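Participant: OK, TrEMBL features for this one:
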- Asp184: active site, charge relay system (ACT_SITE)
- His234: active site, charge relay system (ACT_SITE)
- Ser563: active site, charge relay system (ACT_SITE)
- 175-598: domain 'Peptidase S8/S53' (DOMAIN)
- 639-753: domain 'C5a peptidase/Subtilisin-like protease SBT2-like Fn3-like' (DOMAIN)
- 1-24: signal peptide (SIGNAL)
Amino acid sequence: MRFNIFSLPAAVGGLSLLSTIAAADPATTVANQRSSSSESSKDSANVIPGAYVVEWETDVADAPGFYQSLGLEIEHRLDLKYQLFKGASFRIINGSNGVSNGIYGMIAARPEVKSIWPIRTITIPTTKPLYVGKNRTTTSGQFVGVHKRQAEEPDTYTPHVMTQVDKLRAEGYTGKGIRIGIVDSGVDYTHPALGGCFGEGCIVSYGWDLTGDNHFPPNSPEPDADPYDGCVGHGTHVAGIIAAQANELGFTGAAPDVTIGAYRAWGCNSLTTNDILLDAFNAAFEDGSDIISCSAGQYTGWANDPWGIAASRIAAQGVSVIVAPGNSGRSGMFLSASPATGVNVTAAGSVDNTITPLLLTAGFYTVDNATGIREPFGFISGGPEFAENITLPLWSVSNRSESANDACSPLPDSTPDLSSKIVLLRVADTSECYSSTQATNVAAKGGRYLLFYSQSNSSIATIYAYSDGITGVGTVTPAQGATWINLLNQGSNINIHIVDPAAADIRYEAVTNDVSGDLTSLTTAWGPTWEVVSKPQFTAPGGNILATWPMVMGEYSVLSGTSMSTPLIAAIFALVGQARGTTDPVELRNVISSTSRARPWFDGTNVHDILAPVPQQGSGVVQAYDAAHAKTILSVSEISFNDTENFVAQHTFSIRNTGGDAVIYKLGHTKAATAYTFASGSKSASQFPNPTVDDWAELSFSSDAIGISAGSSAEVTVTVVPPRNVNATQLPVYSGLVTIEADNGETHNIPYVGVAGSMKETPVFLEGPEYGTFLGYFNNPTAPNTTFTIPRPGTTPPGNVEYPSIQASLLFGTQMARADVVALSETGLPTTAFFDIESVGFLSGFPEPWVVRRNYRLGFTGELADGTVVPEGTYKIVFSGLRVFGDRGKREDWDFAETVPFVIRYIE
């Protein structure tokens, strides 16, 4: 059933501690929050001022009556009347009511309110395809260069081969009867490869537009019943990975017979809010989705926002929730996005495709004027684009295909007039020169048309070579460039035929990814969560993935990211579930995890003879066929030994033999790289690749081998000794696999993770300009008692006003960040005590719970979070952050930093 409810995109909650609260609901309850004087849940960077999501304490609470009782001007957003979440979202129009520490505390104290969170705006990064087709509604041309695979032919689509989807498809498994709800930007269901229709009997048969085309926060969404996507493309690509039908590019989705629900949670401006996302997840659940796939999130590393709570509760009800952990891999550990961090939510990491699919502008060439023999080729249009039909001879700057500096210097006097030639040149090493220099040197000899060839398959890209006289630029593959160089060296004449892009075909080619293929993507987000729970669970191909794209935007495209691995894993859940006859998310996650194929550590340059850390790859690349046919089922999908203060040395798990014969299982251990969170001597989190240390955990087992009869189970206890020769202050994260080898030929793994240091002893931030925490003036530290003359809030500011700039750098995650305004002169404002701090209120957007490491840069306008305007006087700002695993009621568990005093004066 569909209710008139909508929610915003936020992050789904993180996994709780396995040792103590693995089954706990991660909601931030009002009862918990009241332990501190006035804690709210705002994201200072993207919170909508005065906007909140509340969950009711009872089913009988109603939004209109609640609003009336507040005595404030309220703009209603959403009624959230769902089975698993009953509440509302709203925005307070005029928040200034004299309440000293904010309206938030007043609302949180109401008996009908169970939990409260701020409404946060979430910006979905604009999806820019690596390669894209063309809009054939406005141009002619066809897709060429591929063979349309027939149903009886084997599946050779490389993401399917890498994950054994091809083997399950060969057995006839297609996901039939499984319903997958996609929470994304909508779907272009008019695409022939996605069925061409929406509604009953169609591939995309259910769903809603929860936001509207022109939704722009803080305005309320404008929902409708049509989830069509013709302006973003992201959701259409996701849908194709799951369920594309046979098409002219020769691939299909992994589970082409599933039924898709499309829940459009962001529109053309790629903005949404966490209440809309909460709405979308609950709608997908109540509409009967067996699996929910969402390729969006918000970097927190925590579990406790409304979107995360929604995902976790849905997962607890027997629905597989698959979410992208994000693409922050280059920023280090502890950065998985919520809701992928949620309890029982599956976080889908990414590996790179073994090939790079290319969608190229098609041309052809002839050799030695051979009659009737036209050799096809393709190129990436550059800048400027070729704009007309051209047939000209090819001339090469160099006769060596490995040249590193073609045309980096002025061409010799012996160079012919290049105005009637197409010039071939290799993309230069940037240490030698840039493409603009190459273009300038070619243009000096009359050259107008350039075809570059890249140095390697991993560097094929659009070349922009604007220079006076250059009117057409393109890039071909290294192999094509080498072919032409060899022909020219043999004395052959080559004529290149460029077709007007408006009429040109699109040529599909695939080149081998010989750098990162089948290795964990460098961009895939790292765990673990701040609660030291393993994320991601496992990986699938997400780098360089060909799939559908809106018809008006090009029909097909190549994208990269965990956004692409997520729907593939969702489809694999459908296939494995169909094969095993279950949709139980715990069983599916456990068997898919235990049968995954771990990959070696790739630091971006070298592949090492040790497994990649579990916080980067989970258990490895999913293997659908092995998961579907496994006779061994484990009771867990991962193990956390936590940190040194919350250390859990032993874990017990069960092995169930569902086969018809007794099996002997041998227990073992495969180590993964131990990575430091912080570099030596640094207070800031390390960027990728995190430094590693040659020390690892030691594991022992209650039995090194165990026999289990058919249909029976047995328990095994694993004990860990963390690595000893490590620097605990750098917060080393150790990991690896518990290996289980069966004499029936099966191999299973359980990934584990632990921290050989104290999360609680790691400071949230340090005080002082050298650590990024200070009062700024034009972004520089300010002298004490500097006077800032600013317009009174609510008045029109003149130009060139410099507000006090409060800057703080969080080095680590925090359960709660506060920014209290403290008056140092008489103001007449009431104060609230926070330990020894007498606060007149918060900066806008604070307090903020469940914060990832980040940098704050906040201008203070004189207005507090509750709308109160402070009088003229002297103030300071006190930042505080609760340490991971800290107790809110203990001052020693908080870090504090304060600005120097400053003076506020208002322009009269």
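Glycine too: its Cβ is placed from the backbone N, Cα and C atoms.
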Participant: Taking only the Cα atoms, work out how far Asp184 (active site, charge relay system) lies from Ser563 (active site, charge relay system), in Å, as a whole number.
Facilitator: 10
Participant: Let's check the environment of His234 (active site, charge relay system): how many other CB atoms sit within 10 Å of its CB?
Facilitator: 26
Participant: State the Cα to Cα distance, in Å, between Ser563 (active site, charge relay system) and His234 (active site, charge relay system), rounded to an integer.
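Facilitator: Just about 8 Å between their Cα atoms.
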Participant: Across the domain 'C5a peptidase/Subtilisin-like protease SBT2-like Fn3-like' (639-753), what is the average pLDDT of the model, as a whole number?
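Facilitator: Mean pLDDT for the domain 'C5a peptidase/Subtilisin-like protease SBT2-like Fn3-like' (639-753): 96.
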Participant: How many helix, strand and coil residues does the domain 'C5a peptidase/Subtilisin-like protease SBT2-like Fn3-like' (639-753) contain under DSSP?
Facilitator: 3 helix, 64 strand, 48 coil
Participant: At a 10 Å cut-off from the C-beta of Ser563 (active site, charge relay system), count the other C-beta atoms across all protein chains.
Facilitator: 29
Participant: Near Asp184 (active site, charge relay system), how many other Cβ atoms are within 10 Å of its Cβ?
Facilitator: 30
Participant: Helix, strand or coil for His234 (active site, charge relay system)? Use DSSP.
Facilitator: helix
